[in-house]
């Protein structure tokens, strides 16, 4: 064997050994990554999966089984009975609550979109105005509503415990957030568009409703999704400003549930699950929209 | 802006918003400053200066609200910032199924607070609850999470962190994603390790996101009512009573003036904590 051949062979061996070391290293990294990944999933399942499983499985048990509050498989399934019982309790108060909450949520959102898009348009185009009102709007993001003066005021104008009352109130409380979102978004629409419309003889109404408002669609859908979750999940304001047996709303019905059916955990969890369905559906369809809206709103406020 | 342009942005577009926002929010809020200084029965009032406020500071069952609210707001804020940042760093790394994990962490933020409160109350049951059973398997005797006045507030705060950490995480993720990649590449070339990249790049450059998380978590914590009301109702004793729940209790017992004074103090509390941080955050953004 010539020295040259030897050289080539050793070089080849070295190269291949380097190759082997490289693949080994890659495998090692992969193994570590898989370990980390499975650890992450384990943690996610323990902290976030188990509470959901706990609610679901206990909503399927009978009252004795659910009272034990464990994760075991139900001895006898009561899927239909439990949910039927929840929905027919107290003359179907849960169904009525769903209807009332939907009515409040939808009406408030219509009001919010109307007032906030108009206000956002003007505030974004008139910067001087916006600066003056900045703190007045920010107050609404930070400060909770007062209980007694608001009730007193609602009573004086005859709107306490009425649908219009709670709808206007929810709109007022969501105003700051939605208005800031709209103001920020209108700024991305070029002013030249307004000028062109003005040249073509547009008045303010046709400019806004025919040209600007359709362009606000992305932010309008963000406002719809975020506000509907907020208002649907609102417990505090419904408790203060919309009490009364006839005015059942979902969160209040759930809260009163324990008072009336204290130990019936199977029915409680069935109700919890029913109430969680609308946000879940929204989340499945608008996942990205919700996350973007919440982070965008957060950066603003 | 010339006159014809001004005409196309008419101020009367603000009227519907101003009407609703002023009538249903600003007006009652400003009324509170007056009625907080009265003995009020809704039909009638008597001006009593600062007696309501003095009573708030004198009575231990009312005064405890300040302390509890501060503890609650800062502990939930701390938990959300630390866990949210760690989760965000983890979810920005090279693992698979990132978006699934992100959704799982975020979803509790959309759930009803009352539903979460009831579920965790059941899981924190001293003898039957899942948490204590799991601790029992590990040989640890779990505490009475919601029944022990010393830790009840902390148990509620833990539930709040569980529910709210998802929002903190997505804000941190947005902040970390905005950091230019070449900083990390430069560090890699200089031979920096993962810890250094966290402490010298990720942590300082995600400051705007952190400020946002801090201010949101603090405001949320200071205003909290639902979760405490669903889990403990302020008990045992007054150990988990926050300002908001005290205000509601005073209202429910018919002390309208006292409740309104409490509301005013809640505003002042939120403003004292939130406005300085908010201005600090604005100034920082100008510097960047």
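One is the number of the first residue shown, and numbering goes on along the chain from there.
From the backbone N, Cα and C atoms, a Cβ is placed for every residue, glycine too.
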Per TrEMBL, the range holding transmembrane segment, considering B:194-212, B:213-231: B:213-231
Which range of B:47-69, B:70-92 is transmembrane segment, per TrEMBL: B:70-92
Range from B:70-92, B:213-231, B:251-278 with the greatest count of C-beta pairs under 8 A to the transmembrane segment (B:161-179): B:70-92
Considering the transmembrane segment (B:12-35), which listed stretch of B:70-92, B:104-124, B:213-231, B:251-278 counts the most C-beta pairs under 8 Å: B:251-278
Spatial neighbours of the transmembrane segment (B:70-92) far in sequence, C-beta under 8 Å, 6+ residues away: 98, 101-102, 105, 153-154, 156-158, 160-161, 164-165, 167-173, 175-177, 198, 202-203, 206, 210, 213-214, 217-218, 220-222, 224, 242, 273
